[in-house]
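Structure, as structure tokens:
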Amino acid sequence: MAYPFQLGLXDATSPIMEELLHFHDHTLMIVFLISSLVLYIITLMLTTKLTHTSTMDAQEVETVWTILPAIILILIALPSLRILYMMDEINNPSLTVKTMGHQWYWSYEYTDYEDLNFDSYMIPTQELKPGELRLLEVDNRVVLPMEMTVRMLISSEDVLHSWAVPSLGLKTDAIPGRLNQTTLMAMRPGLYYGQCSEICGSNHSFMPIVLEMVPLSYFETWSAVMV
């Protein structure tokens, strides 16, 4: 998870987030090279006193600076499109969880079970135990099996919300009257934190999300107790 004064991104926990990190590094390198070239050209223009008074046109240079940006844009667009299609692909999810946003809490329903649903509220600061995180802990965590594809159906009861868990590369808008879906798969067990990422009112900052990814056997035990 994130920590104070962190310079980089959070560690990837899902295949999608790993792809996003690679794409970030790929794009950042291209931007760095372009910025360095532009800075070098500006430095040359400011330091040299020579001028090409006899040069009226440069067809070759114009051709290069037309084709080269097009190639660069293609190099950025192709990996981006690949990840977009990967994020939209849903193949035989093992579990479906319906998530509803409210002012200002989340409710969850495990649709594969008859009566497995609960609300998830933030734990107030004065009720936190030692070691728990301020503004990030909830009274009911979303327990999910690791290394399995889980489909999240996301909507809202009132205003716009956004269900986001950065370490899993997830951010899906919760829109009233509309059902959005996304998939997640965690490669390792642990607690993964997120927050509502759409300003939704005065208590927008107090809508944390906590996913507890556990082995399948633990999930089956938990679901049997909850039902």
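Using N, Cα and C of the backbone, Cβ positions are placed for all residues, glycine too.
What Swiss-Prot annotates here:
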BINDING   His161, Cys196, Cys200, Met207  Cu cation A1 binding site
BINDING   Cys196, Glu198, Cys200, His204  Cu cation A2 binding site
BINDING   Glu198  Mg(2+) binding site
TOPO_DOM  1-14  topological domain 'Mitochondrial intermembrane'
TOPO_DOM  46-59  topological domain 'Mitochondrial matrix'
TOPO_DOM  88-227  topological domain 'Mitochondrial intermembrane'
TRANSMEM  15-45  transmembrane segment
TRANSMEM  60-87  transmembrane segment
Rounded Cα separation (Å) that holds between His161 (Cu cation A1 binding site) and Glu198 (Cu cation A2 binding site): 5
Fewest other C-beta atoms within 10 angstroms, as judged across Cys196, Cys200, Met207, which are the binding-site residues: Cys200
Env. residues of Cu cation A1 site, Cβ within 8 Å of mean position of His161, Cys196, Cys200, Met207 Cβ: Gly101, Gln103, Trp104, Trp106, Ser162, Ala174, Gln195, Ser197, Glu198, Gly201, His204
Between His204 (Cu cation A2 binding site) and Cys196 (Cu cation A1 binding site): CA-CA distance (Å): 7
Other same-chain residues whose Cβ falls within 8 Å of the Cβ centroid of Cys196, Glu198, Cys200, His204, the recorded Cu cation A2 site, in sequence order: Gly101, Trp104, Val159, Leu160, His161, Ser162, Ser197, Ile199, Gly201, Met207
His161, His204 as binding-site residues, winner by CB count within 10 A: His161
Structural state of His204 (Cu cation A2 binding site), classified by DSSP into three states: helix
